[in-house]
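Novice: Sending over a structure as structure tokens; questions will come in a sec.
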Amino acid sequence: MLVDNQTSTTTNLVGTKRKSPENDFIMTIDIAGDDDFVDDDENDDDEDLKEDFFFEESDKPQLPWDFAPTIEKMKQQTHKKTDGQTSLEDKINQRKTVKKLKADDDKSVTTKTTNNNKSKKSNNNDNDDDDEEVNEEEEEEEEEEDNENEKEINKKQQQQQQQSNKQTTDKIKVLQSNRKLKKIVEEELPTFEELHLSRPLLKAVQKLGFSQPTPIQAKAIPLALNGKDILASASTGSGKTAAFLLPVLERLLFRDSEYRAIRVLILLPTRELALQCQSVMENLAQFSNITSCLIVGGLSNKAQEVELRKSPDVVIATPGRLIDHLLNAHGIGLDDLEILILDEADRLLDMGFKDEINKIVESCPTNRQTMLFSATLNDEVKTLAKLSLQQPIRVQVDALMQVTSTLEQEFVKIKPQHLSDRPAILLSLCTRVFNQGGTIIFCRSKKEVHRLRIIFGLSDLKAAELHGNLSQEQRFDSLQQFRDGQVNYLLASDVASRGLDIIGVKTVINYNMPNNMANYIHRVGRTARAGMDGKSCSFITDNDRKLLKDIVTKARNKAKSRSVSQDNVNFWRNRIEELTEDIKSIVREEMKEADLRKAEKTLDKAEKIISNADANVETPKVWYKTKQEEDKSKELWKIENNIVNPGKKLKAPIDVTGVNNVPSIKKLKQKKDPYYGLSRKQRRHRQFKEEFEREQQEERKRKGGDDGDDNEEIDSGKMFERSQRAQKSSGKETKRIESLRRNYMAGGALTDQEKQRVDNKKSKKNKRMIVNKKEKKQRLSKK
């Protein structure tokens, strides 16, 4: 590469936004009219590249992420299992073996009874030598009957299996919408070489199997290399992670390696996304000496603090654990930060990290570069962009709130009387249609996910679960099993609906539909990623009709509706009813084991307190939010996302003010609007009264009267009341005349409903008159 002398010098990355050539880190290429590129010598590689760059030829592309090393570290740190506790797979296998033993016992009992009957008959027939031929004939007949019974049983089992494996009985229809789709214009995209990336990154990209950049990568990488703030929005599976990692690594290749500091911070909403991002970054930076650190919950706090003290180049973190280290770990800060990246910003705000993000942004230097990536751009994301970005460039790829064009969508409508058959419908589809593996099933609650995991295990289907009640090691392990193909089905909550890039996901099943269109797009976006084909199947109830209409109108391909055969549903319903006792027993065992774990944790805490009683007292830990404030924020988040009814009584009173004692929205409105809280009628009355008083004051000034005279103020109030009464009386007369005209036009007496209305109006008027009289008496008594 031909590089200018001005840009080849290495300086700090803080001044990337300035236009001066000394602080610009973009590798500029000067191409003359007829000049040709000249190959560099082998000795010049050391000047262009860092040390420890080595290139190896590999035929197979490397997978972008791998959780196996982190799982091994976590297993070393975790405690050993206590006696009497078994895993869920062991419990399921125990139930299966018990059933097999019972079946074998039943068969042995039946064979013994038949043999006893035969022996008794043979003993009785030994006395009669003349009847031997008859007994032989009877025995032959009995054997024939037994064989026939066994054949009938086998036929019934085969019929049941055939009913469960039928594929032709499902009916599929096409759902059409009235909206006309626009033609998609394909743009020519540049290659990774044309994006001016260094050779270590190009080698890593080639090893990962990336042939051509995606549209978001082609648009965002040049802007990020220029050091500009970016507000990017693209559909799920469009390659947003590499869109910000590649320019960050390109700039870090030319850093001052002698001066160690935290230069880049990447914030992500969930632990799985953070670990995936860190794994992708290690693969992209495998031919460089760039260091990174993972700061998430569920891992050792002290080990993370040690890694932060080493000053890694890149920190990938979740907001909660990062603030914990910033508040409690001495000597750790973000003073030298140069690049801040907010990935999945809409999810960060939805999960209630708004205050944490604002705190982190305040602790970062102002002359940084900020990149914000999100799949949807709502009002909250725009407000966050105004606070954190400076003159950003907006990058938008694909239409917002749309699924990819390579996705095939199917819907299964469930009637209200068949809602209890939802597990049977799911099992019938998983055993017949979606039985090739690579299927993610999304549920609304954690309990439903765990219950389906037990049902899948008892019905000989390989599945793993992913939700918030699992430990961090179990969550990573389930993702690793699904990635490696050890498990065909991944039962998950909305934890797995954002950002996870799992190769080989063929279908996504929505066991429960999400609350809004954005969550649906994120769930379905786990398949049909990066131009690959995919399929989704959603269970629709009467409450989901509005969402279904939006999906069908915005679908690029024709959506289909599938009607599952009732025979298959009945078969699996009976099968699930047989498994109810086993499911309940497994849940009871797990509840007992959970109680034992809690007791062990309390004992461990007590032992630590006793052992450290004589030691020096440590400084108390600082928390960004107390438990009460966290509960309040969670309740607010549930109300905003329609998870809990707002009318329901909550455990703690909700404080909208937040952590930093910001004045509430109501108080701000009261200061700005003097008529806040009044009805429209009361507001008009007060406005008329104020105008009338102004006019009276102006007349007094003209006449030369004193403004402070109390008698004149009373007279002005009386005048205003008289004018109001006159207006009311005139309005009442017009209403009375109109009502009389209507009655005469109707030509008859008033109906019962009309009489009730008239009586109600009269009673209201009388009550108002009584209240007004009391108020007048109170005013006069005070004066």
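Each position is counted from 1, following the chain as shown.
Cβ atoms are placed via backbone N, Cα and C, with glycine included.
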Novice: Match it up for me: which of 343-346, 567-570, 599-602 does Swiss-Prot list as motif 'DEAD box'?
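Specialist: Comparing 343-346, 567-570, 599-602 with Swiss-Prot, motif 'DEAD box' matches 343-346.
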Novice: Quick check on the annotations: Swiss-Prot lists motif 'Q motif' for one of 190-218, 364-392, 393-421, 509-537. Which range is it?
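Specialist: Spelled out, Swiss-Prot records motif 'Q motif' over residues 190-218, not the other listed ranges.
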Novice: Just to confirm my parser: what is the rounded mean pLDDT across the coiled coil (72-180)?
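Specialist: Within the coiled coil (72-180), the model's average pLDDT equals 62.
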